[in-house]
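Over in TrEMBL, the protein carries these features:
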REGION    1-38  region 'Disordered'
COMPBIAS  1-21  compositional bias 'Low complexity'
DOMAIN    43-236  domain 'Poly(A) polymerase nucleotidyltransferase'
BINDING   Phe122, Gly123, Ser124, Asp135, Ile136, Asp137, Asp189, Lys250, Tyr259, Gly268, Val269  ATP binding site
BINDING   Asp135, Asp137  Mg(2+) 1 binding site
BINDING   Asp135, Asp137, Asp189  Mg(2+) 2 binding site
DOMAIN    241-385  domain 'Poly(A) polymerase central'
DOMAIN    388-444  domain 'Poly(A) polymerase RNA-binding'
DOMAIN    463-535  domain 'Poly(A) polymerase RNA-binding'
REGION    530-632  region 'Disordered'
COMPBIAS  540-558  compositional bias 'Polar residues'
COMPBIAS  573-582  compositional bias 'Basic and acidic residues'
COMPBIAS  588-632  compositional bias 'Polar residues'
Amino acid sequence: MWNTTHHSQQPTQTQNNVQPSVGLQSKGGQVAGSGGSNLRTLGMTSAISTAGPKPIDIQRTAELQEALKPFNVSESEEELNHRMEILSKLNCLVKEWIKEVSISRNMPENVAEQVGGKIYTFGSYRLGVHHKGADIDALCVAPRHINRSDYFTSFFDKLKQHPEVTDLRAVEEAFVPVIKMNFDGIEIDMLFARLALKEIPDSMDLKDDMLLKNLDPKCVRSLNGCRVTDEILRLVPNIENFRLALRTIKLWAKKHGIYSNVLGYLGGVSWAMLVARTCQLYPNAVAATLVHKFFLVFYQWKWPQPVLLKQPENVNLGFAVWDPRVTVSDRFHLMPIITPAYPQQNSTFNVSVSTRTIMVDAFKQGLSVTDDIVTGRCPWHKLFEAPNFFIKYRHFIVLLASSNSSEDQLEWCGLIESKVRHLIGTLERNPYIVLAHVNPECFNGPPPPPQPIDADPASTPPPPCCSMWFIGLIFQESKSLNIDLTYDIQSFTNSVHRQAIQIKMLKDGMKIEARHVRRKQLSAYVPSHLLRRERKVSAGGNTTPPQHRNGTTSPSENNVRRKRPSDTAITVENKKSRKSETQDDDSPNNSVIVQCGEDSNSGFSSEDYSRSQDSNLNSCQENSSSSIKVDT
């Protein structure tokens, strides 16, 4: 196992906060004692501070709990009991199914009744931080004579026949195979793992690393969720403080549009590990203090220094672990957060240069806001105010995904979303693109064009389902710039179609389109109230951004103008005269020209603003110059 002792697990800027540690016992674990104390240290280093909370800290925590209530981050006792009932029913179904399969393989009935089988939970539900309406991540663990093929056939059929199960679907060929379902109103994603054991008793603990011996990689990956979640809970000094701090950070991350593992931000387990590390560094702090220290620690963190909750163990069962000394690709991870259970993995391998920049900037803002909160200068709800993504940039790439039915659209959007990070990586490798910021929120597509008055409703086909993602762009400031992005965009759309064909998902009507859109043209794509707020912010600068369109504050971006020649390239060129731009602006063709100059950080001129009023749906649909369209 690689040596981690050379990695300092405390940011150097916070060293002046270190106080003499004392031997303390905390709920959920122990913290390091001073002198010759034998109490273990939670984490890779000793705590930055073991100071207990002051009265004002307790008051701020109570205020935080009140501020979270309107956001439905907690469930009622009745809702929690409902989830437990569902899991109990599901556990009984698993036991019945394993018994039936065992008897069908000539196992005596009295023996089949003893082989067991069990449902485990992981993720936000297991951590105790799930919100109202959240799904449940579950794992079905079976004995050695039950195969994965049995799980996706006979157990799937058993679920199909259950009256409380709806929306049942299997994803057997996924990297981590899963059955998805709605069980009595609760969404459940259930994995499968077969252990090399004759029986699976109800008291089985998955902590033992030797349980992984001789298992196939898919079973190991399925078990990893439960093992990581349980290990996180073992490694925090106070579980209740950890949960309240994590609920806060998760809500903040979602509001700021940086909660999405698939798009290159952080997912739930990564946020949990960052909060857990903060708890280790401040083991006796209450939730309000932990939230403040979270931003302090990770704004100052020396990425790509890895975040670890414990010293990695050398188990040697042959599974790949995160080790930059051995695996070359691990050396290029930008924001490594390492899972604490064997086999250790980096949970943030999707993070790109742009997404890391956006998240670090969000940490900086969070620190500024919580500085004001802890000193009483502003309330907690200020932390959860979502910045308006659309006022950050003047330049966007819009990805539009369409299909003929809602069922097809669900699959199609899932595939496209899984590929967007590759497009971001391609764009940010362009030396003239400073930042490519994808908004995790998926929007409904623009409305279809109005039908003629004399059209026959019976003969008019229903409009296709359409969804959109927005990518904000910042270009490098330059007097003369000419960049062709056609190949990059076309390569992305081609790769999506190739993947869809390969997994036999592509159906008639599935299309993906990429358009370049300036901010003043957004009225054709997003609700008008966003644009009204945008103009108000631009004029006065003191309007609170809407909370339903998320994003993060970005560096000052270039003012971008565009004109269109009659070729098929997406290009960025130096701007010409205003007269020439006006003449070319509405000419339809198959290219986009974005003009960048030395004044690219200036705001809209009165002429720009006046012309922006003419942007509407018809011009969006008729103007093919801002799109590359790929039809199946």
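Keep in mind that glycine also has a Cβ here, set from the backbone N, Cα and C atoms.
It should be emphasised that the depicted structure is a prediction, and the values quoted were computed from it without experimental measurement.
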Spatial separation of Asp137 (Mg(2+) 1 binding site) from Asp189 (ATP binding site) - C-alpha basis, Å: 5
Cβ-Cβ distance under 8 Å to Tyr259 (ATP binding site), same chain, at least six residues away: Lys250, Ala253, Tyr265, Leu266, Gly267, Gly268, Trp271, Pro440
Integer Cα-Cα distance in angstrom, Ser124 (ATP binding site) to Asp135 (Mg(2+) 1 binding site): 9
Spatial separation of Phe122 (ATP binding site) from Asp137 (Mg(2+) 1 binding site) - C-alpha basis, Å: 6
Inter-residue C-alpha distance, Asp135 (Mg(2+) 1 binding site) and Phe122 (ATP binding site) (nearest angstrom): 11
For the binding-site residues Asp135, Asp137, Asp189, the one whose C-beta sees the most other C-beta atoms within 10 angstroms: Asp137
Distant-in-sequence Cβ neighbours of Phe122 (ATP binding site), under 8 Å, six or more positions away: Asp137, Ala138, Leu139, Gly225, Cys226, Val228, Thr229, Asp230
Residue distribution over DSSP helix, strand and coil in the domain 'Poly(A) polymerase central' (241-385): 74 helix, 6 strand, 65 coil
Segment-level pLDDT (mean, integer) for the domain 'Poly(A) polymerase RNA-binding' (463-535): 85
In the chain carrying Ile136 (ATP binding site), residues 6 or more apart in sequence that have Cβ under 8 angstroms from it: Arg83, Ile86, Leu87, Thr121, Gly123, Tyr125, His130, Ile186, Glu187, Ile188, Asp189
Tally of DSSP helical, extended and coil residues in the domain 'Poly(A) polymerase RNA-binding' (388-444): 26 helix, 17 strand, 14 coil
Residues flanking the Mg(2+) 2 site, with Cβ no more than 8 Å from the Cβ centroid of Asp135, Asp137, Asp189 and excluding those residues themselves: Gly123, Tyr125, Ile136, Ala138, Lys180, Glu187, Ile188, Met190
Chain-internal residues, separated by at least six, CB under 8 A from Val269 (ATP binding site): Gly123, Gly225, Val228, Thr229, Ile232, Thr339, Ser347
